[in-house]
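Colleague: Relevant sequence annotations retrieved from Swiss-Prot are reproduced here:
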| type | residues | note |
| --- | --- | --- |
| DISULFID | 75-86 | disulfide bond |
| DISULFID | 97-114 | disulfide bond |
| SIGNAL | 1-17 | signal peptide |
């Protein structure tokens with residue numbers, strides 16, 4: 001009899017433990033990943049900005065659409081690297097993307113449309129490796145070489 005109660009409580013506990021709803025940053029990541037899986041994408045794209053920016057007060061359920069900008073990186077989509085570890089490609093393609101969001105059974109359904117925005121000026125943030133190299137350059141010792149000499153002929 002006791003084992004029946006334990007089994008019943010375990011089943012009810014499993015039913016009540018539903019997965020957490022999808023967050024806004026997770027929806028942005030999934031949207032960029034789905035764009036990178038398109039066959040025409042040569043180099044992977046990375047999130048450049050989002051409107052609104054991800055933050056504590058932004059909830060996916062209150063948004064009707066995702067609006068974000070992505071930029072081409074130096075990595076290929078087939079590389080198994082996280083896109084955040086890839087540096088932006090110099091003079092890479094920039095795309096403005098938007099699309100309505102509907103959440104069905106904790107899975108976002110996004111009809112994504114992207115347009116070329118490469119002509120718009122943008123400040124490019126380097127990846128982790130680029131930031132590491134910049135820090136090394138900042139702290140390296142300054143070396144000055146001075147060459148002095150004289151020559152006498154005959």
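If you go along the chain as it appears here, the first residue is 1 and each next one adds 1.
Positions of Cβ are set from backbone N, Cα and C atoms, glycine also.
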Colleague: I'd like the Cβ neighbour count for residue 86 (disulfide bond), meaning other Cβ atoms within 10 Å of its Cβ, all protein chains included.
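Modeller: Neighbour count, Cβ to Cβ under the 10 Å cut-off: 21.
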Colleague: Cα-Cα, whole number of Å: residue 97 (disulfide bond) versus residue 86 (disulfide bond)?
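Modeller: Given the Cα positions, residue 97 (disulfide bond) is 20 Å from residue 86 (disulfide bond).
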Colleague: For residue 114 (disulfide bond), what is the secondary structure state per DSSP, taken as helix, strand or coil?
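Modeller: In three-state terms, residue 114 (disulfide bond) counts as strand.
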Colleague: Cβ distance under 8 Å to residue 75 (disulfide bond), same chain, sequence separation 6 or more: which residues?
Modeller: 43, 44, 81, 83, 85, 86
Colleague: Among the disulfide-bonded residues listed here (97, 114), identify the one with the smallest other-Cβ count within 10 Å.
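Modeller: Candidates: the disulfide-bonded residues 97, 114. Fewest Cβ atoms within 10 Å: 114.
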